[in-house]
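As annotated by TrEMBL, transmembrane segment applies to 79-101, 121-144, 194-217, 229-251, 309-327, 356-376, 397-419, 439-469, 490-518. Marked as domain 'STAS' by TrEMBL: 546-698.
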Amino acid sequence: MAEINNVHSVTEVPGDDDAKRNFHHRIFLEPQERKRSMKALVVKQAKKSCSCTPAKVKDYVFSFFPVLQWLPKYKLREYLLGDIMSGVIVGVLLVPQSIAYSLLAGQEPIYGLYTSFFSGIIYSIFGTSRHISVGIFGVICLMVGQVVDREMQRAGYDLESAVPSVLTGTAAYVNTTVPPANQTLQKLLCDKSCYAITVGATMTFIAGVYQVAMGFFQVGFVSVYLSDSLLSGFVTGASFTILTSQAKYLLGLDIPRSSGIGSLIATWVNIFRNIHKTNICDLITSFLCFLVLIPAKELNERFKSRLKAPIPVELVVIVAATLASHFGKLRETYGSSIAGHIPTGFLPPRPPDWNLIPNVALDAIPIAIIGFAITVSLSEMFAKKHGYSVKANQEMYAIGFCNIIPSFFHCFTTSAALAKTLVKESTGCRTQMSSMVTSLVILLVLLVIAPLFYSLQKCVLAVITIVNLRGALRKFKDLPKMWHLSRVDTVIWLVTMVASALISTEIGLLVGVCFSMLCVIFRTQRPEAPLLGWVAESETYESLSAYKNLQTKPGIVLFRFEAPLYYINKECFKSTLYKQTGVNPAWVKAAKKKSAKRMLREKEVDPSGNQNSISMDFVSEPLGFHTIVIDCCAIQFLDTAGIRTLKEVCKDYGEIDIQVLLAQCNPSVRSSLIRGEFFKEGEDHLLFHSVHQAVDFALGAQGHSRTSASK
């Protein structure tokens, strides 16, 4: 039985009007019985998991394939128009972005269209969110492209070549650095474009396997270490890298893509070294596209409440630029870099290259984590907004299968994207059917329209990519507000952003996670630890440093430690307690011991005792208080070092006649104290349910001791 002091009642003592005696009643709490048998728990869970009934099989199938739940309940008249409208609009926006982001991922434009097509269909089958748009995401494409470039260099392919591949099955790019026999074999097997998508698809497959495994083992808790400020800083930092990687297309420069640590600085160095080679035609085209896209995007955002659908300005720019490039013969006349041949239809499915898995397995980990973290956070955000629920583990399955299955069809990694999700929501999306409509729009482009983009300049695609970074780069405007709300979150944002931009995206993410965890540790290492005062005519006690007009109880010091008490901050707890109370027991004991020795020497000199009155006064000098009440409401847990620290504090103060009382301990702390044998026999009354009860007990005990002494 756990025993806690309850309200103290004070009654008058017969025969003495001034003396009072304190009676404190106790609450007897009987703890719940906990089954600590791990074997019984495992057996019970195994029976629950392995039992197979028709109802359970049906529930499992329906939960694993959410399409079987929402499709039979689909209301044609109520849902269809909104789903078609949102699906078509997102599809129209997704076509130019899919082509543009393919360059970012180091792939041919056709593979971006494949990726957008398959991801929409697969998510509508496995996903539980009605509103998120799963497809190409800039940061993921950047991370994929960096790995693709690295593996291309390892394989000996020439990254500087700007001649577009034709994707006809022949080797448009041949590795010229390998022996002739291997060169012939590579030519027969795979050209540059083929090898690039092989690397991308293999890494996509591994990332999908990681995501499905995280869903199976229910380790979605990993995403809690990616705070909003960390993710925002990471995306903004990666946006600088994306902008840098696209700058060469704006200028029409033919320079290799830098990768690894410091790639952003290395890229700008290469750009300025080759600035004299700028293609004037590409530069003018980029400038004109910016002049059209930026104002049009701003108008779309400003008048989005009045517009039934956003103006597809990107598609308009692509069509106009393609026509201008074709009829103006910009490639033949000015040497502009173009998208090249984009075939219609689908290539035969092909499995990932199992030999590449050891090379890309480590790189796939941050891609998988970022992908599912963004997808789960967006799905939960929009589900909460529209009043339905999503399953986090099922979302991990969904995004995992959106990567595993398409990896056999020449696709690269996908995740949810905020910008397209917002468009989808604002244009009337009601169910996952909208994703299927979007895939049908992409399919139309794949089967009919794709070859018409042959003459499209790459600088136009780069402009589209950069303009879509505005949302991430605008986060700088929110810094003053973020600083006002939380300085720690702002510092985490800045550190993650700088590391992601200047070092590398993967290392930047790791730096952000480690730094945010260190911030949590530092905040618990030196927490707030104020003295408390009494709010008049109440049972409430608050910080003296935070509020005015609080009263203190005579002879009692109230102390609150606002953090868990464990090995990292145990010394901080003791030093802060000593500083706040103004009494260090060790110093008091040493001073008394020194004074006693001095008194003894003086007594030996003058046995009459006339010269040691000052020393005697010092030894018996009161300390100003007789009780310390420690408010434990903010102490979430104790470890062995914390329990030992509390024992030492109680013992040290007890030796100088100051009692220490604990109040408002939660069940976990109470259990730790009992297991750690904190209380000696008969001392369990020193644990109180509230600070007010502890104060009443201390006042009553002091009054009773004074009454006894006077008698």
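The backbone N, Cα and C atoms fix where each Cβ goes, glycine too.
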Reported mean pLDDT - the domain 'STAS' (546-698):
81
Please indicate, using numbers and ranges, the residues of the same chain that are 6 or more beyond the transmembrane segment (194-217) and have a C-beta under 8 Å from a C-beta there.
105-108, 111, 144, 147-148, 151-152, 155, 157, 350, 352-354, 356-357, 360-361, 363-365, 367-368, 371-372, 393-397, 399-408, 410-413
Are there at least 3 C-beta pairs under 8 angstroms linking the transmembrane segment (397-419) and the transmembrane segment (356-376), leaving out pairs fewer than 6 apart in sequence?
yes
Under 8 Å, at least 3 Cβ pairs, sequence separation 6 or more: does that hold for the transmembrane segment (490-518) versus the transmembrane segment (79-101)?
no
What stretch, picked from 79-101, 121-144, 229-251, 309-327, 397-419, has the most CB pairs under 8 A with the transmembrane segment (439-469)?
79-101
Using a threshold of three or more Cβ pairs below 8 Å, and leaving out pairs closer than 6 in sequence, do the transmembrane segment (397-419) and the transmembrane segment (79-101) count as in contact?
no
Give the one range among 121-144, 229-251, 309-327 whose Cβ atoms make the most pairs under 8 Å with those of the transmembrane segment (397-419).
121-144
Could you give the residue numbers and ranges of same-chain residues that sit at least 6 residues beyond the transmembrane segment (121-144) on either side and whose C-beta is under 8 angstroms from one of its C-beta atoms?
64-67, 70, 90, 94, 97-98, 101-102, 104-106, 112, 115, 200, 203-204, 234-235, 238-239, 241-242, 245, 363, 366-367, 370-371, 374-375, 378-379, 382-383, 386, 388-391, 394-395, 397-399, 401-402, 405-406, 412-417, 420-421, 423-425, 429-433, 435-436, 438-439, 465, 468-469, 505-506
